[in-house]
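Notes follow the structure.
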Ligand code: XMP
């Protein structure tokens, strides 16, 4: 067995037990990461063309090969770097991950024209294996074998397993559904254990991570905090720092970690871009003044941002422009506040993944987050993103641990480009003002009816179309707004919230009566996918 070095340059040295996920582009890859972290084991995503030094640097206890949309029958199919098999650590292939492992180790994979499996199905366990022993959803009456409910999504199948492997489970067509080489600790499943429809999926992942890879649960909130604080302290030393501060949970957690690490060596910069919610800065300032001793500089740049957005209708272009101006504003601040050595940001892992900046090969930009990538290289100031490896719910747990009130921790996320992506098409101050009023009413009523914490995110969207309305005896052409409310766990998928009709009626009445210029309110009943949560 090859001993892996422990050259690790992350801020996560605490978790010496870690699982590396090689990404072949499955829609479930993030879920996989979440499931492993929920076991208390740190896990990170890398592209399938990961280099040997990246692997040594990460120092994994085990490797999981994700599923993906490819076929090993393709001419240039994505493959596992050969050295991965020489590492001597456990490897677990899921769906495409199992097929590609089979192919590379001498097995055969066939493209299916019939007998494909998409959705819920069952597999039968025919041989004992550490991965699945004692797991059973049903017993087959005839054979007495254990049967598991699983979730499949594949068009290819392993027809011949590699030498020294054993078939552990079969599907309803008697094809390979689970295979293992227990001596080399190599495993493969054709189904998706990371999806909740696979009833024993969590147990299977736990079995691989905790038993087969011998990982210990060390990815715990208290450890994470200590390690991030140590890492900041080590990097920053006595240098002066500024923090891009929006007052949201990500930047507030970052501020409190910074304070713990380097005391008063930092200043928070709050930029008002004119695209914020109603009285946002006052609210944040009041809260921070009452609870924390943070030094916050307020920078008013409303006009600059609104001018730059004149005539811009493309959402990605809006994001880019806003990101660019933010950079310029920070450059100006850094110049004024010399000698600043570090710019700190509250970027989190999903910002990185959605912006296509992760180490994943499949850089499919969903929406570029302006806090990702923009600030590197400003006037030799170094960029530090202390929570960039964390998911939102992990940041929230840290927030609670640091004593931030639940009302702040569970406040709805607000996107960096702000109202610019909630006003369809061109952004105008008039639209922003209307939207702020509408949003305020919606949120106020959600809180009043105790619905706020039952949903994950809610906001209003401005539609720049005129619709006919009647006021008194007059026919009027006024704007339309849409209300959006969703329930979600990870913001990757979401269901529109089933808000009570009486509630929607009350909000709609208040909006048309209290906000001038609005005659029509609609409620968005689209789920994600195919819609996204924001409209742009
Ligand atoms: P979507 O619209 O992609 O939203 O389904 C998922 C989550 O991300 C937030 N979001 C953004 N956050 N910059 C951000 O900082 C952005 O450009 C951006 N776009 C979407 C969105 O509010 C939701 O919570």
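Every residue gets a Cβ built from N, Cα and C, even glycine.
Automatic prediction, not curation, is the source of TrEMBL annotations.
Residue 95 (active site, nucleophile) counts 25 other C-beta atoms within 10 Å of its own C-beta, drawing on all protein chains shown. Classification of residue 95 (active site, nucleophile) by DSSP places it in coil, neither helical nor stranded. Annotation source TrEMBL lists active site, nucleophile at 95.
The feature active site is assigned by TrEMBL to 192 (among others). The local packing around residue 192 (active site), expressed as other Cβ atoms within 10 Å of its Cβ over all shown chains, amounts to 24. Residue 192 (active site) falls outside any helix or strand according to DSSP and counts as coil.
The annotation active site is assigned in TrEMBL to 194 (among others). Cβ neighbours within 10 Å of residue 194 (active site), excluding its own Cβ and spanning all shown chains: 26.
The average per-residue pLDDT of the prediction over the domain 'GMPS ATP-PPase' (219-411) is 88, rounded to a whole number. Positions annotated as domain 'GMPS ATP-PPase' by TrEMBL: 219-411.
Classification of residue 249 (ATP binding site) by DSSP places it within a helix. Residue density at residue 249 (ATP binding site): 23 other Cβ atoms are found within 10 A of its Cβ, drawing on all protein chains shown. What TrEMBL records for 246, 247, 248, 249, 250, 251, 252 is ATP binding site.
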- Query: Which of the active-site residues 95, 192, 194 has its Cα nearest to the Cα of residue 250 (ATP binding site)?
  - Reply: 194
- Note on the structure: Neighbouring CB atoms within 10 angstroms of the CB of residue 252 (ATP binding site), all protein chains considered, total 27
- Message: Can you tell me which of the recorded positions 95, 247, 248, 249, 252 is spatially closest to residue 194 (active site)? Compare CA atoms only.
- Response: 95
- Return the member of 95, 247, 251 nearest to residue 192 (active site) in space, with distance defined Cα to Cα and candidates limited to these recorded positions. 95
- Near the ATP site, what residues other than 246, 247, 248, 249, 250, 251, 252 in the same chain have a C-beta no further than 8 Å from the centroid of the listed C-beta atoms? 245, 253, 254, 346
